[in-house]
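*Asks:* Below are the structure tokens for one structure; questions will follow.
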Amino acid sequence: MSGRGKGGKGLGKGGAKRHRKILRDNIQGITKPAIRRLARRGGVKRISGLIYEEVRAVLKSFLESVIRDAVTYTEHAKRKTVTSLDVVYALKRQGRTLYGFGG
């Protein structure tokens, strides 16, 4: 917070900007075995080789929409930290109610 006291909103002395690593191609971190395990949990026995890239694309678009909504809730509340409730409300807005995380 660099010397702004509790709840340091407003302009004032900003801290030094840290260098952020540019994130790219992280979707490949969802590995083939991880997708296979999820499919097994869903009752799938055999998996085509073409499925993996398709699953990554669908998962990426789903997460982008949920995260976009969650960040919108966070910004509206004038916070910088996305809470679990923001994600719960974002999922509820998309018709996928999630129980067990409050709200």
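Keep in mind that glycine also has a Cβ here, set from the backbone N, Cα and C atoms.
It should be emphasised that the depicted structure is a prediction, and the values quoted were computed from it without experimental measurement.
From Swiss-Prot, here are the annotated features:
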DNA_BIND  17-21  DNA-binding region
COMPBIAS  1-14  compositional bias 'Gly residues'
MOD_RES   K6  N6-acetyl-N6-methyllysine
MOD_RES   K6  N6-methyllysine
MOD_RES   K9  N6-methyllysine
MOD_RES   K13  N6-methyllysine
MOD_RES   K13  N6-acetyl-N6-methyllysine
MOD_RES   K92  N6-glutaryllysine
REGION    1-20  region 'Disordered'
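Can you walk me through where each of these features ends up in the structure?
*Replies:* The residues of the DNA-binding region (17-21), classed with DSSP into helix (H, G, I), strand (E, B) and coil, number 0 helix, 0 strand, 5 coil.
K92 (N6-glutaryllysine) falls within a helical segment according to DSSP.
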